[in-house]
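Data block below; observations after.
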Amino acid sequence: MNKILFYLFVYGVVNSAAYDLLKAPNYFEEFVHRFNKDYGSEVEKLRRFKIFQHNLNEIIIKNQNDSAKYEINKFSDLSKDETIAKYTGLSLPIQTQNFCKVIVLDQPPGKGPLEFDWRRLNKVTSVKNQGMCGACWAFATLASLESQFAIKHNQLINLSEQQMIDCDFVDAGCNGGLLHTAFEAIIKMGGVQLESDYPYEADNNNCRMNTNKFLVQVKDCYRYITVYEEKLKDLLRLVGPIPMAIDAADIVNYKQGIIKYCFNSGLNHAVLLVGYGVENNIPYWTFKNTWGTDWGEEGFFRVQQNINACGMRNELASTAVIY
């Protein structure tokens with residue numbers, strides 16, 4: 001059963017207070033103007049409108065039934081498959097070597113604060129935009145190292161995703177990669193440069209890294225099997241922000257609030273866990289995304305805890321230790 005039919009089956013057909021499906025043509029023209037869309041032909045424009053209309057219907061249904069809110073945004077004329085193919089990039093091969101040490105977190109969660117967020121301690125760097133390059137794995141990996149550097153040295157830095165795309169021969173650049181193999185590649189490369197020394201191009205290119213300009217070096221990496229989702233709270237406070245794998249299909253049109261309904265049809269995107277809290281008696285996780293600050297809650301999103309939202313527990317969480 002697809003996700004739209006699931007919502008209809010459980011809740012019935014509803015109307016959104018914010019959007020009216022009958023006004024889809026008007027919304028679409030506003031969308032085309034706002035995002036400067038040029039489809040090249042009326043045939044292609046009509047095709048995009050039909051996709052837009054389908055996405056609008058999903059937005060309306062979700063807005064009525066989820067605690068989060070969804071909106072028409074820059075992805076609204078793309079099918080979910082197109083968005084996943086162009087704007088994510090997590091690849092999950094059938095088998096990978098355990099270069100990073102695997103740790104099983106099988107003890108019950110400890111007693112910690114009800115709320116915690118590394119952003120409040122100024123240990124999370126600015127939200128970036130990967131664009132149409134499947135390098136979420138590089139962004140999430142380096143975002144965790146940027147935070148580790150900030151925790152250790154009290155300084156925010158901006159590391160080079162382009163170096164990872166060009167010089168990480170374990171992963172596949174804009175064609176995808178994995179979190180733990182990215183850490184493996186950094187250890188093998190010897191370190192990572194600043195983005196200012198190796199700027200982002202959103203495309204695969206020849207490796208041009210300068211080992212004399214490495215700012216961050218990784219000495220160890222770990223993968224965690226979490227028996228209890230709540231155990232991630234202890235891990236987050238202990239090691240810093242954690243890169244994790246999710247299925248991004250249900251967050252594409254997200255605007256704000258806590259997502260209660262995020263299914264997992266296959267992991268495809270890497271994001272960074274930065275905090276957790278409680279709002280209106282709903283416990284949530286906070287993630288940093290890589291789709292720019294014009295998406296979601298200024299580039300961040302929240303999901304309900306303890307429901308394996310977006311499949312967040314289906315792949316091992318990965319972290320690394322810097323020198």
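Glycine residues also receive a Cβ, built from the backbone N, Cα and C atoms like all the rest.
Residues or ranges marked as signal peptide by Swiss-Prot: 1-16.
Every protein chain considered, the tally of other Cβ atoms within 10 Å of the Cβ of C174 (disulfide bond) stands at 21. For C133-C174 (among others), the entry in Swiss-Prot reads disulfide bond, with the evidence type similarity to another entry.
All chains included, 29 other C-beta atoms sit within 10 angstroms of the C-beta of C136 (active site). Annotation comment: Swiss-Prot describes C136 (among others) as active site.
Per Swiss-Prot, the feature N-linked glycosylation site maps to N158. Sequence-distant neighbours of N158 (N-linked glycosylation site) (same chain, six or more apart, CB under 8 Å from its CB) are T125, S126, E146, L194, E195, S196, listed in sequence order.
What Swiss-Prot records for C167-C207 (among others) is disulfide bond. In sequence order, A185, M189, C207, M209 make up the list of same-chain residues 6 or more apart from C167 (disulfide bond) whose Cβ falls under 8 Å from its Cβ. In three-state terms derived from DSSP, C167 (disulfide bond) belongs to a helical segment.
Annotation source Swiss-Prot lists disulfide bond at C262-C310 (among others). Residues near C262 (disulfide bond) in space but far in sequence (CB under 8 A, at least 6 apart, same chain), listed by position: I246, D247, D250, I251, V303, A309, C310.
Residues or ranges marked as active site in Swiss-Prot (evidence: similarity to another entry): H269 (among others). Cβ contacts within 10 Å of H269 (active site), excluding its own Cβ and spanning all protein chains shown: 27.
What Swiss-Prot records for N289 (among others) is active site. All protein chains shown were included, and the count of other CB atoms within 10 Å of the CB of N289 (active site) stands at 28.
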(request) Go through C133, C207, our disulfide-bonded residues, and report the one whose Cβ sees the most other Cβ atoms within 10 Å. (result) C133
(request) Count the other Cβ atoms sitting within 10 Å of the Cβ of C310 (disulfide bond), across every protein chain shown. (result) 28
(message) Show me the subset of C136, H269, N289 whose Cα is within 10 Å of C174 (disulfide bond); these are the active-site residues I mean.
(response) C136
(request) Could you measure between C136 (active site) and N289 (active site) for me? Cα positions, answer in whole angstrom. (result) 9
(message) Through the lens of DSSP with three states only, how would you label C310 (disulfide bond)?
(response) helix
(message) Can you give me the Cα-Cα distance between N289 (active site) and H269 (active site) in Å, rounded to a whole number?
(response) 9
(request) Could you round the CA separation between H269 (active site) and C133 (disulfide bond) to a whole angstrom and send it over? (result) 12
